[in-house]
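K.L.:
Have a look at this one before I ask anything.
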2 protein chains.
Amino acid sequence: MQENNAKGTDISTLGEFGLIKHLTKNIKLKHESSNVGVGDDAAVIDCKNKKTVVTTDLLVEGIHFDLMYTPLRHLGYKAIVVNVSDVYAMNAEPKQVTVSLAISKRFTLEAIDEIYEGINMACEKYNVDLVGGDTTSSLTGLCISVTAIGEADEDQIAYRSGAKANDLICVSGNLGAAYAGLQLLDREKRIFENNPEIQPDLTGHDYILERQLKPEARKDIFESLQDAKIVPTAMIDVSDGLSSELFHICEDSKVGCQIYEEKIPIDYETHKMAEELNMNYSVFALNGGEDYELLFTVPLDKFDAIEEMEDVKVIGHITNESKGKYLVTRDGVEIELQAQGWNPIKED
Amino acid sequence: MQENNAKGTDISTLGEFGLIKHLTKNIKLKHESSNVGVGDDAAVIDCKNKKTVVTTDLLVEGIHFDLMYTPLRHLGYKAIVVNVSDVYAMNAEPKQVTVSLAISKRFTLEAIDEIYEGINMACEKYNVDLVGGDTTSSLTGLCISVTAIGEADEDQIAYRSGAKANDLICVSGNLGAAYAGLQLLDREKRIFENNPEIQPDLTGHDYILERQLKPEARKDIFESLQDAKIVPTAMIDVSDGLSSELFHICEDSKVGCQIYEEKIPIDYETHKMAEELNMNYSVFALNGGEDYELLFTVPLDKFDAIEEMEDVKVIGHITNESKGKYLVTRDGVEIELQAQGWNPIKED
């Protein structure tokens, strides 16, 4: 477990402009379309003949992350990933991001540098330019707001609304792992809080921990789809759980769906964690969140192309709206899906 | 003074998706370039042959606003204004905004509706489309993050870096009024806290209160410049005080400046407030913040055109860098300018 109040440089010694200079001095713009980055009233972008897609996400301490077990570097990385994931979910290519940070006095310059290391690492990995932002203080928690901008040709954009009856429902990677990682971290935190002598036992859970703390967006799947010249009829990223995302696609496309429990890809570690906690691993996939996998639909005739695609599974098909939204369990029982995604508007 | 814990609808009764639906149900897109607004993973914008400018600002409770005296409607309005002001400062036309909101449980649905009323009012006034956002909860304070997107022809964009020696320094409206309003509100808040029996006395201060609580961006000046076919050599909006903004222009343009205290436009109410508080009103203009006026430079031969422009004053001229940055006081004394803008990275 991590301490964030280590000794270091007090940020008030730099002032706002000094801090901005410090944080932006090494930024190099990678894209021709990023005409002007930080340093003026606004960034300037040249989108030429493409469409621009824009998405934004706000991460709040205590709601989206717990600094007791979230390394700051990973937090910065994740803040970028969750936004570029939304751009890929439009079948568009992320190009620019802006980052706003509200930080309390307990953060040292070194702590902020760690957040930015993660941000820069993700910008490098996903080939996006950091073109602007805002840095301010907060009386209480840490708050990170990211806006991602991407581009796509008009006929390449995948909305949530284009799924048709008989389309195949496909998902990348595996589901529920990030939620399994969160369950583990919460359990170990409670144990640690009750008895600080007991060190957290996280061995053998590397995969689910990484899925929770340092998730990746599916740039590779976006590229595979480009290579295969497939434009999904509908696409969304799995941030609130499979069930909730299927609801979005079905409602926006005015269709129903049928998915098969046995086809939902779930990692061995997710299985194991669910077992340890006496929970159903399918629930992790259906109602957990933060997988950042891509869920998409394609016409039936793309079946062979999808079968050849690495790390993509067909988990069911789209039906007429009147058929409803169903999960067929391992025992062959049809259960109506519930849209109970991960809810950041907490009730407690 | 205002209470924010009035009875009303608990937002947890709606859930995240219900809340989003509620908040977005009446949005109508005004611009052809706003292809797709809220409701998918990202918004889609068509910028055709124009350049896109992007700017973002994060407003944090207790740092940028005090809910004890800030009506929520005004807060929503201001959150949009401060961002479109940055777009005008690029000499670009704002077209779209995204809004992210982090709200604690103490906010009712009616309170959030009030914030959005202000947001929608500003979107209407400045003719921008609300195309996306994120709504989440916060364990503590309210947090509003806005990203504004605008467009401009390449040769129309005004950076901070183009000012040349002998250019005229111009400013719109008047300066220091928002800071005067803040001083008044802080004084009355302290009186109220010490003795809740005493009602705040805000009469006769309407103008400075409005400048603080419900500022406007200078759409009209942007339009006047277009009409006069003037592209400023440099432009910035006054958010951190005149002195700080002049520093930005001078440093980015590698020039010096000379401005005249007697030419700085200051409203009568600002004067009066400074007097009441035994402070120098020029300090309000130089080091106060949140004026959202436009500060810009134009070549000397535009003098007549600027003189004809409504609500714009010439306050000095650009000099060679070696001459430094000076204010000539009423008594003819030259004082070196200090870049002590309003600093949201507080030291206390």
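Here the Cβ of each residue, glycine as well, is placed from N, Cα and C on the backbone.
No curator has checked TrEMBL annotations; they are predicted automatically.
So TrEMBL says this about it:
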- A:Asp41, A:Asp86, A:Asp237: Mg(2+) 3 binding site (BINDING)
- A:Asp41, A:Thr55, A:Asp86: Mg(2+) 4 binding site (BINDING)
- A:Thr56, A:Asp57, A:Asp134: Mg(2+) 1 binding site (BINDING)
- A:Asp57, A:Asp86: Mg(2+) 2 binding site (BINDING)
- A:His64, A:Glu290, A:Trp342: substrate binding site (BINDING)
- A:Tyr116, A:Gly133, A:Asp134, A:Arg160, A:Ser239: ATP binding site (BINDING)
- A:Asp240: Mg(2+) 5 binding site (BINDING)
- A:39-151: domain 'PurM-like N-terminal' (DOMAIN)
- A:221-325: domain 'PurM-like C-terminal' (DOMAIN)
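Situate these features within the shown structure.
P.N.:
Neighbour density for A:Asp86 (Mg(2+) 3 binding site): within 10 A of its CB lie 28 other CB atoms from the protein chains shown.
A C-beta separation below 8 Å, combined with a sequence spacing of at least six in one chain, links A:Asp41 (Mg(2+) 3 binding site) to none of the other residues.
Residue density at A:Thr56 (Mg(2+) 1 binding site): 28 other Cβ atoms are found within 10 A of its Cβ, drawing on all protein chains shown.
Cβ neighbour count for A:Asp57 (Mg(2+) 1 binding site): 24 (other Cβ atoms within 10 Å of its Cβ, all protein chains included).
Packing around A:His64 (substrate binding site) is summarised by its Cβ count: 21 other Cβ atoms lie within 10 angstroms of its Cβ, all protein chains included.
The Cβ of A:Arg160 (ATP binding site) lies under 8 Å from the Cβ of A:Ala234, A:Met235, A:Ile236, A:His248, A:Ile249, A:Asp252, A:Ser253, each on the same chain and at least six residues away in sequence.
Secondary structure from DSSP puts A:Asp240 (Mg(2+) 5 binding site) in coil.
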K.L.:
Near chain B: which of the binding-site residues A:Asp41, A:Tyr116, A:Asp134, A:Ser239, A:Glu290 have their Cβ closer than 8 Å to one of its Cβ atoms?
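P.N.:
Going by the Cβ criterion (under 8 Å to chain B), the qualifying binding-site residues are A:Asp41, A:Asp134.
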K.L.:
Could you state the whole-number distance in Å separating the C-alpha atoms of A:Asp57 (Mg(2+) 1 binding site) and A:Asp86 (Mg(2+) 3 binding site)?
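P.N.:
Distance between the two Cα atoms comes out at 9 Å.
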K.L.:
Counting only residues 6+ apart in the same chain, whose Cβ is under 8 Å from the Cβ of A:Thr55 (Mg(2+) 4 binding site)?
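P.N.:
Residues satisfying the criterion: A:Asn83, A:Asp86, A:Val87, A:Met90, A:Thr147, A:Ala148.
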K.L.:
Which value does the mean pLDDT take for the domain 'PurM-like N-terminal' (A:39-151) in this predicted structure?
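P.N.:
When the pLDDT values over the domain 'PurM-like N-terminal' (A:39-151) are averaged, the result is 92.
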K.L.:
About how far apart, in whole Å, are the alpha carbons (Cα) of A:Asp134 (Mg(2+) 1 binding site) and A:Tyr116 (ATP binding site)?
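P.N.:
With the alpha carbons as reference points, the distance is 13 Å.
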K.L.:
What's the CA to CA span in angstrom from A:Tyr116 (ATP binding site) over to A:His64 (substrate binding site)?
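P.N.:
Rounded to the nearest whole number, the Cα-Cα distance is 18 Å.
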K.L.:
For the domain 'PurM-like N-terminal' (A:39-151), what are the DSSP-based totals of helix, strand and coil residues?
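P.N.:
Residue counts in helix, strand and coil order: 34 helix, 47 strand, 32 coil.
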